[in-house]
Amino acid sequence: MSSQDILQSVSTLASYNVLLQVMFRVLTFLLNAFTLRFVSKELIGVVNVRVPLSVLWAVLLVSVWLWLLEVPDAQAVPYYSPAVMLFALSGVQELLVEPLWVLAQAHMFVRLKVVAESLAMIAKCSITVILVVFAREWGLYIFSAAHLVYTGFLVLCYAAYFIRFLGSKEAARKSFPLRRVGDLLPRREYGEVIARLTWSFFKQSFLKQILTEGERYVMTFLNVLSFGDQGVYDIVNNLGSMVARFIFLPIEESFYIFFAKVLERGRDVRNQKQDEVAIAAEVLECLLKLVLVIGLIITVFGYAYSHLALDIYGGSLLSSGSGPSLLRCYSCYVLLLAVNGVTECFVFAAMSQEEVDKYNFIMLALSVSFLFLSYILTWWAGSVGFILANCLNMGLRILHSLLYIHHYFQRSQWKPLRGLLPSPLILLALGISGIVTAVSEAFFCCNSGWLLRLVHICVGTICLLGVLVAVLLTETELVQFVRTRLLPRYRKKHT
């Protein structure tokens with residue numbers, strides 16, 4: 001398969017992943033907005049405590065959650081103990097489907113992912129709504145049962161597909177490397193190089209889990225926030241990360257596959273096929289420019305519209321107190337998430353096994369410092385401290401990735417890091433928009449009725465259109481990349 005064919009397949013995967021994530025986030029957004037009217041923020045805080053995966057960890061940590069950590073009041077959070085066990089069981093189910101998900105992602109089985117995750121999410125939302133309306137007294141049973149149904153649907157869909165697919169004529173035509181279901185089971189036939197690389201990525205994934213979810217463990221084990229404050233933080237975190245999850249994450253996952261297939265891991269750029277390196281550099285530059293522009297827009301407009309968004313989403317439960325400040329800080333964090341996702345997906349695709357091992361030591365140091373910073377900054381600034389710690393951690397990860405990419409292309413003619421330099425016109429438009437929307441919020445939002453709120457929304461819409469016009473006028477290569485690579489209708493014409 002040529003690099004252009006790989007790029008086209010990956011672009012299709014990214015497009016459908018984005019559409020799928022948009023659908024999921026819209027459903028989740030509506031579901032959470034509905035649920036907030038019926039349950040307390042303490043219950044939401046308990047629901048969002050994560051039970052780590054695998055049977056061993058499930059058994060161990062169920063014991064920790066039930067007998068070592070503080071158990072919430074049974075009146076405020078009913079059925080806590082059995083719900084923890086159901087969450088652990090759903091985690092084990094999700095782990096069972098993980099190898100099949102990775103296999104489908106690597107071979108770009110777009111339809112399987114769309115169908116499986118759509119059915120699972122629809123089932124989860126349906127169960128949640130029905131139980132919230134008709135059995136509200138079940139408490140945590142509602143959310144644990146809904147998540148158990150979600151992971152169960154994933155297991156059924158992926159297992160049914162691969163049982164039918166393996167050994168079929170379609171699998172033979174595609175030269176699929178596995179021929180029967182037994183090939184999915186662990187074996188000792190893999191080479192030492194692959195085994196060592198797998199172990200390196202496993203350690204890296206474990207450390208990334210700490211960096212990604214570390215603040216939740218600090219919340220849970222050190223009791224730095226009450227369950228109510230944890231609930232507000234989790235809601236704001238989920239709302240603030242919507243764009244990161246339904247745009248940035250699908251791009252990161254899909255184009256990691258592209259870079260891994262086009263580039264030869266661990267080889268110097270001069271010793272690789274130059275036409276494929278050129279395509280990789282061009283794609284990396286365009287992706288950096290794309291996520292940077294989106295991240296800057298979210299950062300600028302997030303400041304003036306955080307209070308209004310939370311008020312619409314959850315009423316005074318979220319818009320009063322620390323909620324707006326949390327979401328404003330998170331808007332800045334989204335920019336760092338955007339850049340880090342693209343830079344790391346390239347770095348992880350290009351690193352050799354030795355470089356991955358070396359980076360694991362860096363990740364270990366970052367993990368320890370992040371947990372320490374989370375505790376200190378939370379003690380100093382409350383829940384905002386978690387976001388500040390995340391920003392510092394993400395900044396260090398970006399710095400490492402930028403240094404790697406600069407060194408990787410240093411002796412070549414390509415400079416993909418130019419994608420991090422937006423045009424002066426875009427920066428000017430964003431600066432003016434930030435000032436205008438901040439003034440608009442001070443005069444029109446958010447305690448003077450819906451008419452003035454609509455005026456504030458109209459002001460933001462006009463400013464956003466101005467920024468988009470600046471992008472269309474100055475970033476022609478980026479616009480062409482989005483049209484021909486990420487939008488299915490235009491991509492078909494281009495092909």
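For all residues, glycine too, the Cβ spot is worked out from N, Cα and C.
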Annotated transmembrane segment segment (source TrEMBL; candidates 80-102, 218-240): 80-102
Interface check, the transmembrane segment (387-405) with the transmembrane segment (361-381), three or more C-beta pairs under 8 A: yes
Leading contact stretch, 114-135, 141-163, 286-305, 361-381, 450-473 vs the transmembrane segment (80-102) - CB distance under 8 Å: 141-163
Check the transmembrane segment (286-305) against each of 141-163, 325-349, 425-444 and return whichever range has the most CB pairs under 8 Å. 325-349
For the transmembrane segment (450-473), the distant same-chain contacts (Cβ-Cβ under 8 Å, at least six residues beyond its ends) come to 293, 297, 300-301, 304-305, 308, 423, 425-426, 428-430, 432-433, 436-437, 440-441, 443-444, 479
